[in-house]
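According to TrEMBL, the features are:
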SIGNAL    1-17  signal peptide
DOMAIN    11-203  domain 'Thioredoxin'
DISULFID  CYS56-CYS59  disulfide bond
Amino acid sequence: MVFSWVSLALAVITSQAAMGEAIPYEEGTHYVALPVPIKTRQADKIEVAEYFSYGCPHCYQFEPLIGAWKQRLADDVEFSRTPAIWNKDYQVYAQTYLTAQALDVLDQIHVPLFDAIHNKRRRLNEPEQMAEFFGEMGIDPMAFARTYSSFGVRASYQQAEAKGRAYRSSGVPAIVVNGKYRIEGSMAGSSAEMLKIADYLVAKERSLMTNVPALKQPAS
C-alpha cells in the first residue's frame, strides 16, 4: 500500500479532535515551537526536559510542583533535566548537577541543594564549597572532586551547553517537550499552567506517534 500523506493529515486532525473540540493552548501564545527540533534519545518515548538552575529562585519554587508532576507521568514519557549555563555561578551549579548524576546521588542531593542555596542562604558557588556540601550529605568529597573534573562530566557539560543554545529560552525554569516545543512561565502565566501545557503537548505528541502509519518496505 502506498503511504498517503492525505491519510496522515486526516489521522492527525482526528486525533486533535479527540483531544477536545476546543484546543486550549495555542502555539505562539502559550508555547513556542523550536525553529530546529532537537533529536531525542528514544524515538518511541516522549521526552520532557526541564531547563533549570540551582541558582534560580523560580526553579526552587517550581521544584515541588514538577517533582510531584513527574511522578505521575506515563511509561511512554521520559523526564530529564538540562542545567542552564549562563554565568560563572550557573556553571558551577550545572557541573555540580552533572557530577551528582554521574555519582548516582542526584535523588539524595537535589532538593537539599536547592534548600541550602535559597532557604539557608549558603554560598555554594565554588567547587570546593560544593565538595564540602556533598560531604555533609554523606558523599565522599574526594569522589566529588574527581568526578567534577572528569572527562565524562565535561562532555555532559558541553552537551548541556549545546541543548541550552538550541532551547533559545529567555529564562528558567522552562520545559521542552519532545525536542519540539518550549514552555516558559512568562507565556504560560504560572508554574501550574506550565505543567498543564506540558500535559497537552505530551498528549499531542502521543496522538501523532499513535496515528503515524509505518512505512512499508519495498518489495524485493
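Glycine is treated like the rest: Cβ placed from N, Cα and C.
Worth saying up front: this structure is predicted, and the values here are computed from it rather than measured.
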* To do: Work out the three-state DSSP category of CYS59 (disulfide bond).
  => helix
* To do: Take every residue in the domain 'Thioredoxin' (11-203), average their pLDDT values, and give the whole-number result.
  => 94
